[in-house]
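According to Swiss-Prot:
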type	residues	note
BINDING	GLY456, GLN457, SER458, GLY459, SER460, GLY461, LYS462, THR463	ATP binding site
Amino acid sequence: MNRRGGQTAFAAIARNERAIAAFIPYSSHLTDTTLITHGADLVRTWRVQGIAFESAEPELVSQRHEQLNGLWRAISCEQVALWIHCIRRKTQAGLDARYENPFCRALDASYNARLNARQAMTNEFYLTLVYRPGHAALGKRAHHGQAEVRRQLLAHVRRMDEIGSLIETTLRSHGENHEQAITVLGCETDSAGRRYSRTLTLLEFLLTGHWQPVRVPAGPVDAYLGSSRILAGAEMMELRSPTCRRYAQFIDFKEYGTHTEPGMLNALLYEDYEYVITHSFSAVGKRQALAYLQRQRAQLANVQDAAYSQIDDLAHAEDALVNGDFVIGEYHFSMMILGADPRQLRRDVSSAMTRIQERGFLATPVTLALDAAFYAQLPANWAYRPRKAMLTSRNFAGLCSFHNFYGGKRDGNPWGPALSLLSTPSGQPFYFNFHHSGLDEDCRGQMMLGNTRIIGQSGSGKTVLLNFLLCQLQKFRSADADGLTTIFFDKDRGAEICIRALDGQYLRIRDGEPTGFNPLQLPCTDRNVMFLDSLLAMLARAHDSPLTSAQHATLATAVRTVLRMPASLRRMSTLLQNITQATSEQRELVRRLGRWCRDDGAGGTGMLWWVFDNPNDCLDFSRPGNYGIDGTAFLDNAETRTPISMYLLHRMNEAMDGRRFVYLMDEAWKWIDDPAFAEFAGDQQLTIRKKNGLGVFSTQMPSSLLGARVAASLVQQCATEIYLPNPRADRAEYLDGFKCTETEYQLIRSMAEDSHLFLVKQGRQAVVAQLDLSGMDDELAILSGNARNLRCFEQALALTRERDPNDWIAVFHRLRREASAGLR
């Protein structure tokens with residue numbers, strides 16, 4: 001150091017730094033939700049959820065646009081100004097889950113590693129109302145005592161409350177959940193008694209680029225905010241904190257487009273870098289606004305090559321202004337792009353400028369007054385707003401449309417945490433649940449609707465999605481003392497490998513092969529006796545010829561006789577032996593039932609004995625677990641389909657005892673084509689939620705599902721709908737049958753078949769989500785269940801002779817790789 005008036009080695013750096021307190025206008029918290037500035041302006045901020053624009057109908061988007069314009073008109077006066085921030089920042093996404101099953105643990109770990117390879121992003125909107133009492137009020141403060149000042153402040157706060165109430169009422173329509181559509185930022189106290197301000201937390205982020213809780217200070221706010229050193233260069237700023245350095249560069253509008261429409265800047269919502277977009281708008285008086293339009297029209301009239309249409313447009317704008325269709329105000333825009341590397345930051349700036357210019361705006365990097373653009377992000381910082389322009393409230397509403405993405409619900413669902421975390425094209429995480437519940441409600445333990453419909457053509461990834469969700473469900477086996485039971489009604493064995501990897505039981509019902517079913521070994525309860533009466537009466541029908549009352553009585557007596565025997569003796573053949581043949585009706589009853597008995601009573605074997613005349617009943621859903629039933633063969637056998645279905649569904653009802661329960665139907669149209677399944681599905685759609693259960697239906701044939709006798713229940717009683725890509729989707733099926741909107745239908749058609757994308761719809765909200773398991777070959781082989789994998793699976797079981805997945809999975813993967821390499 002030079003002791004004679006010299007400069008330190010860091011003097012040059014110090015000259016580039018700013019004492020930021022002078023640039024921060026805030027004095028203190030006046031109330032929990034309101035700040036007051038040194039100039040007596042009042043500041044209040046809300047977080048706005050926004051609308052899921054991807055699938056919103058154009059009419060809805062236009063309606064919301066006009067609502068915003070109407071709101072800005074309603075609150076416009078010289079005392080009111082608005083700051084709106086769109087913040088795109090990195091976020092930590094993930095779900096804490098514990099899986100007992102080794103395959104589920106491995107799948108979840110691989111999947112999360114893939115998700116984490118791409119940084120999750122989130123978009124947040126903040127609306128700040130600035131209320132300026134005006135110079136007259138300031139003058140009064142100077143000439144009156146504290147009591148008068150306090151009275152004036154309370155009056156201003158009440159006026160701000162009135163405006164805020166109108167804002168909240170209007171913006172609650174900008175999200176399906178009305179309570180969380182807009183939430184005011186206030187103060188909260190932690191368990192140690194420390195008070196934190198969410199408003200100051202937002203302002204600190206604008207100053208530092210870091211999101212961290214900020215305590216309510218005892219002293220002035222301006223001296224408390226800003227924990228980073230701010231170094232301003234010619235075109236870039238450095239925000240230096242004790243832990244890292246961040247760089248920032250600004251963009252603003254040099255020229256505006258010829259028109260605006262809602263969502264003009266939506267392309268920026270998909271970018272993979274962090275940024276803060278700031279809009280401010282302060283209305284001017286009608287006289288000043290009209291004078292501005294008249295000057296613009298006069299200037300155009302003096303230009304020889306001016307388009308007459310532009311002059312006419314301004315004339316119409318004058319009329320609209322006078323009629324109150326919009327207001328005009330001073331507007332400013334800035335986009336602060338953040339990054340850790342200056343070179344990457346420049347590339348991100350270039351990308352942002354391209355996106356903006358594609359919409360007709362001329363964007364330019366901010367090089368003059370860079371620090372002014374930085375501090376103008378702070379609400380009520382009037383003096384620093386660069387490149388102000390006059391803009392209508394309708395155009396302002398188009399630039400700030402609060403368009404966002406539906407993010408699902410992470411916590412507080414009926415079964416606790418979200419079922420799964422899915423990626424989206426925007427990078428924003430989507431927390432998927434079968435249940436649909438209010439975003440701001442803690443619904444844990446509530447019995448709510450969770451039925452789900454999955455529609456996807458062959459090859460669209462439907463089987464993989466179903467099996468993946470089945471695996472993700474296994475977290476609830478560990479989380480609940482009552483456990484979880486899933487029953488998968490499968491087709492073409494698509495879920496067999498997966499269910500066996502979960503150490504579940506999988507039953508293939510094939511014509512002529514013993515099923516392992518024996519209904520007569522059910523416990524002798526009133527409910528079971530009634531069921532057996534009904535089932536056996538069906539077996540004894542001949543060509544839809546009903547039993548006589550005498551035959552019903554004979555059959556009922558035999559059933560009750562057999563049920564009093566030890567379980568090992570109860571069989572269909574035993575039942576037949578307990579029917580007397582004193583009358584022709586009784587003999588006819590024996591003849592009909594004989595077809596279902598190993599001993600048909602006439603010295604032969606009944607053709608259908610394999611269905612129910614088995615030594616032991618192997619069907620048991622009483623214990624929590626995963627069960628699969630392949631219906632490929634028996635669903636096409638009209639004679640055995642309904643009796644088998646009746647028994648399966650009766651036993652399944654036993655599992656719906658309050659534990660978490662899910663039944664899944666692949667190619668549901670085929671299952672519900674049977675009357676027993678149709679009746680069950682129709683009834684359970686309405687009542688299963690009361691038993692803490694839900695049903696998941698999938699199909700590649702919408703027409704068959706919509707043509708089912710219970711189609712109305714399957715369509716109307718679904719909380720969640722999933723639509724996989726289908727370029728050949730039939731308009732009538734999707735719009736009239738499934739009640740999709742035109743926008744949703746076009747999304748379903750436009751998604752590439754190999755994109756791994758699908759549309760998830762819950763209530764009025766929808767999102768394009770993605771399940772991309774590329775590179776997870778081992779996991780996909782178990783989830784996909786194709787013919788080649790099934791052959792390798794059967795060979796692996798034969799070689800290991802074990803049901804334990806730990807034994808056969810490794811062999812399965814070896815055989816699969818050998819088959820791919822042409823070694824087998």
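The backbone N, Cα and C atoms fix where each Cβ goes, glycine too.
Everything Swiss-Prot records as a feature, shown here on the structure.
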residue	record	CB count, 10 Å
GLY456	ATP binding site	23
GLN457	ATP binding site	18
SER458	ATP binding site	8
GLY459	ATP binding site	12
SER460	ATP binding site	23
GLY461	ATP binding site	23
LYS462	ATP binding site	22
THR463	ATP binding site	24
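Other than the site residues GLY456, GLN457, SER458, GLY459, SER460, GLY461, LYS462, THR463, same-chain residues with C-beta atoms no more than 8 angstroms from the centre of those residues' C-beta atoms, the ATP site, are GLN700, LEU724.
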